[in-house]
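Taken straight from TrEMBL:
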DOMAIN    34-92  domain 'CTLH'
REPEAT    401-437  repeat 'WD'
REPEAT    545-576  repeat 'WD'
REGION    659-682  region 'Disordered'
COMPBIAS  672-682  compositional bias 'Basic and acidic residues'
REPEAT    875-916  repeat 'WD'
REGION    1057-1084  region 'Disordered'
Amino acid sequence: MSSLSRELVFLILQFLEEEKFKESVHRLEKESGFFFNTKYFDEKVLAGEWDEVEKYLSGFTKLDDNRYSMKIFFEIRKQKYLEALDKQDKAKAVEILVQDLRVFSTFNEELYKEITQLLTLHNFRENEQLSKYGDTKTARTIMLGELKKLIEANPLFRDKLTFPTLRSSRLRTLINQSLNWQHQLCKNPRPNPDIKTLFTDHTCAVPNGPLAPSPVNQPVTTLTKPTAFPSLGAHGRPRTPPATPGVVDYQNPDHELMKRLRPAPSVEEVTYPAPRQHAPALSLEDLPLKAALALHQGSTVTSMDFHPMQNTLLLVGSATGEITLWELAVREKLVSRPFKIWDMANCSPPLQALIAKETPMSVTRVAWSPDGNFIGVAYTKHLIHVYAFSGPNELRQHAEVDAHMGAVNDLAFANPNRQLCVVTCGDDQLIKVWDVSGRKHFTFEGHEAPVYSICPHHKENIQFIFSTAIDGKIKAWLYDNMGSRVDYDAPGKWCTTMLYSADGTRLFSCGTSKDGDFSLVEWNESEGSIKRTYLGFQKKLAGMVQFDTSKNHFLAVGEDAQIKFWDMDNINVLTSTDAEGGLPALPRLRFNREGNLLAVTTADNGFKILANQAGFRSLRAMETSAFEKMRTPADSSLIKAVPGAPVASVSCKVELGSPVRPSPMLNGGDPSKPRVDDSADKPKPWQLAEILDHAQCRQATLPDTTGSSTKVVRLLYTNSGAGILALGFNGIQRLWKWVRNEQNPSGKATAAAVPQHWQPNSGLLMTNDVSGVNLEEANPCIALSKNDSYVMSAAGGKVSLFNMMTFKVMTTFMPPPPPSSFLAFHPQDNNIIAIGMEDSTIHIYNVRVDEILPLNYMNDLTPLPFVFHQVKSKLKGHQKRITGLAFSTTLNILVSSGADAQICFWSIDTWEKRKSVAIQMPAGKVAIGDTRVQFHVDQIRILAVHETQLAIFDASKMECIRQWNPQDSLSSHISSAVYACNSQLIYTTFRDGNIGVFDADTLGLRCRISPSAYLPQGNQGLSPLVVAAHPQEPNQFAVGLNDGTVKVIEPTEAEGKWGMVPPSEAINTSTSTTSNQTPEQLQR
């Protein structure tokens, strides 16, 4: 059927709905299969009209179409069966079992037998899985929620769940337009024609008297006024038509995008959202209002952006094309890059001509990638630059793109299809999407004026882009080359910027009209209308107004040489500040992630940093650490280590004119104002933080672990951060969960609260198959699905897949020999599993899920059963058992490590080995022993852990770049090590009970935690075997001991972190001979 015929069906559906032909509406919906009416479906499900429910569904899918359809029909028939049992109507239940449910026995015979056994129970709630089944109404409501998820995920229902946005009575409007056109073509048009039929074309009868005046010269719009032809109402009765029915309103907001942006959760990984927490009350004290720093850039600042994780690291772009990285805590430029062309040969002829004319090049936008590993820079002519940022002073050229004709007006990072990309817009009226290597993926056309700004965003798994042009048009795009989904008019109809609140739930825009009027509004996304307009703009000024959001609570705008703040829920100005003067008429501004620092541009080619009390504390806390870590290599010549001293003494000489010196405003003046200590002029010693006593850190011992005598061999945090999973030497897994309460409002793992040792009501244990296994020789392994629904583990026997809610074994596979020794899920696709084997091979499995939801749909939402295909690939490259596996989606590789002390790099596309690298062993050591691998958050660097060393590899080059060997107070063998969640720290446990906290960039020791700080007195023989890092809290980790004890450890609230970054003189690392580091880097 053609698209126009399809649209005609929608028009008829609208007409039938408006005329109250209810049965006809739903019959046409079903027969056409164009629109699945979820409201009608909901009504029938809640009413228990099962025959009508299945009949309506049959217009869109059949039971055996796909696994989603099968689950939908199974859930409906299962509910019908349970309701018959609940009514004690055994005859009806048997009929349903035989006629409706038997078909599913071919897919899961065990489940069908279990359902049949319910007939033998007086009350089916005696079945453990159905023990929480409530009344019929509640059960239907719960089931309906699951059906909706299945329907949304079912590809057969794609584009059938939303009705096109139509103006009311659209079919009548088209008929009126047709009649108007027919009347215009009449040879003898009458002023008030009498329309009696639609079956034939309209013509006005020849009048008996004098000819009526001809309306031929009238404009068409006068012929289409609604007064000309009253449209037909219900059953032929006249009704008032909508205004101007003859004119198509192309400005009608396309609400379908907003409907499509509603998240559609994966059926295979359904999780219930936690109850929404009320945001704590905020006050004026939370706003950064007081000037803390004033820094001189040297040219007009055109754009600023704070690092997403390092709150005092500010990226600045200027009118000269220069970009600069500032460490605010020490008021120092870390890196500065003037504008230059990297590769003239790749520039277009127009750009080469501009360069030849020495056309000035200014920065229009600088931006950090969400992970802080890349910097994007847009310029006023054609170009964007992408830099890779791997640490202080390490800013390297990554990609240069001739992106647009004319200016590149905006740049932002996004993650369509889980791939980091750069989105740009320009004077050429286009929006383009590039990967970070400069390859173009999408070009969006549709604007009729230069595109001024872009705002990429996502709703769960739906990615989209808002764009604004200088003609005031706002459009929205999905990554599908299907054109704009939205066409709004921005207030002021000129230059507008759009931003979401930090939690992504509220959309704001701020703009300027050509007359200099400013507007700040909040949008109602679902309606495409303005929800709230903020007041407080006094003057008309020429130029573009800038704004930013903070803490899901505040808005800030630079206007009239001051910064104005609004509470998001109040249209009136909350407060304002002139930042002690010196601001331009329209200052640019940018909050850091925490909202405690605000960068604002100044009129003297610089910028100021405004702070609240937390911001001042942040600057003080970071000052020592940042000064040591972020200084340029040239600074190292000014720093002398005290020979033989355990503590490195640092003395810095700062010239009077140096930007490192404090701002004059902090070097005198009003002593009542907050100030950052002028420590840059004072010797500041670095001292290794040593935790020697229980009181020096926070810790919690997990219940039911002390004295269990079963050593913990594997330890994981759940991905939600609310639980810990431990695998014991005996193959039994234990789970602890933290509860949300007043003591722990976040419900996340914390040392301040003791969790529950969690078990299902059945009392089941998650016990691995250990039949015939010599546990002394076994290598237990474990992997957790990304939504915490199921865990896969083995302890020398078969690999078992456990349901995390019921602890039931869902399936077992891979019986030995050989036994499995390491398990890893693909980070983006749980259907791909890498399994390392005792015989040194790696098996790549592709998991097919042909499941039926189990009986207890209220509790167990995990697919069942899993059917494992035969091995997709078998990788051979190691000489001994596999001890580590890690995927990099950025590099598209799998990295493996083995007991042969080898690291292999495999292509995910072909599963071919790219390279094998031997770990550099200390003199006299044999190259054997377990080696673990873990990727840095940048997905490029990889941590390799061996009992003799910590090593950092650059996986893109497949070579070692840094190495540390046990020494001094940490001379024992390493038992385990892991990156912190932000990859800035490495937590390392040692066989003698010590724990080291290392800086991940330098492998410098920041903190040593002595056994006396966390082990009980008389702890002879106790030591940590494994360490795990919290997935959201970078300063929290957990250790599993050889007596079965599990402890969560955090720094004290007063400290808040584990020591400071050591100076280079205090770092004793060795570097692989294959490294390509500079001499300065080698000294680190």
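Every residue gets a Cβ built from N, Cα and C, even glycine.
Curation plays no part in TrEMBL annotations; they are all automatic predictions.
Since we're looking at a predicted model, the values are computed, not measured.
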For the domain 'CTLH' (34-92), residues assigned helix / strand / coil by DSSP: 41 helix, 0 strand, 18 coil
Residues from the same chain, set at least six apart from the ends of the repeat 'WD' (401-437), whose C-beta lies under 8 A from its own: 346-348, 350-351, 364-371, 374, 376-386, 443-445, 447-456, 458, 463, 465, 467, 469, 477, 479, 828, 889-890
For the repeat 'WD' (545-576), residues assigned helix / strand / coil by DSSP: 0 helix, 21 strand, 11 coil
Same-chain residues at least 6 beyond the ends of the repeat 'WD' (875-916) whose Cβ lies under 8 Å from its Cβ atoms: 418, 420, 779, 821-824, 826-828, 834, 836-844, 927-935, 938-940, 942, 944, 946, 953, 955-956, 958
Within the predicted model, mean pLDDT of the domain 'CTLH' (34-92): 91
